[in-house]
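So the structure is just underneath, and the comments pick up after that.
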């Protein structure tokens, strides 16, 4: 009996494990590989975050891998206050906070937000993201500059990066010093090669193969450097460009990856993804509307400090909630459409608006 019970338990465990694997395999393939969602952006471990360039850049319209930044309008509206609007946070507190933000955006205090006022606010919040990145970069730079000489070599960075991946730091440093083979797995080797390319792109002329703190900021955050922004655009175009002409057609921009689950849920996700990318391509990125996106157009689109883009974004954000069609944004409108602006849906949004305002 005891033997039979052990066998039964082992078989049950095996079935559970198989079900778990199948469930998660279906979930992985049920969404396009090129679709961005805020809930998918789980931060890596702290040590790795300190030295590895992040996939997601706050206040930039597109991710490093060509995904559309789904949270862009919230990032440029809330700035560093974005974390305060949690899905399960208290609606009345969120409403009060949103009213406070509205009064700040309303620069001339006429209780109505114009496109120019929203543009000004967007630029302020973008600069806020820039300052936050610079502050984090100081800590990151110290982590990879152990001797404190103000410069980091590729080998110094490589040691710290591999240490963050679980390799023995002293052993790696010794092997690099002696030009010995590090015996890395294929995936880690590919990541290192990509980082090395980016490292040398961040090395401003005259190239000395050393990065100072400012260059290291460009390495981690290409949006802070025009040259690195160009490099990021080249990488994105390279990944999406199917005919090698270094330009993007609509079909290239919206082409779905191979291998999606054949069910209605997956089809709905695919359709939404294509629709969103098509709209962004035709209405925003392709500025001359000739059906082709050049590297210059994509670079302008990606530049977070582009005032023209900020004004266009301001107009789009207002249009979403502009129920009275006056091309401005009133408080009741922004409260009603709070989920768009903050990711948080308010209950009884209009209650006591005038008293609180």
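The chain as shown is numbered from 1 upward.
Yeah, the Cβs are placed from backbone N, Cα and C, and that goes for glycine too.
Checking the ranges 12-34, 35-57 against TrEMBL, the region 'Disordered' annotation falls on 35-57.
In the predicted structure, the domain 'EF-hand' (233-263) carries a mean pLDDT of 83.
Under DSSP, the residues of the domain 'EF-hand' (273-308) split into helix, strand and coil as follows: 23 helix, 2 strand, 11 coil. With a threshold of 8 Å between CB atoms, the same-chain residues lying at least 6 positions outside the domain 'EF-hand' (132-167) that come near it are 45, 47-48, 50-52, 58, 80, 173, 176, 182, 184, 188, 192, 195-196, 199-200, 209-213, 216-217, 220-221, 224.
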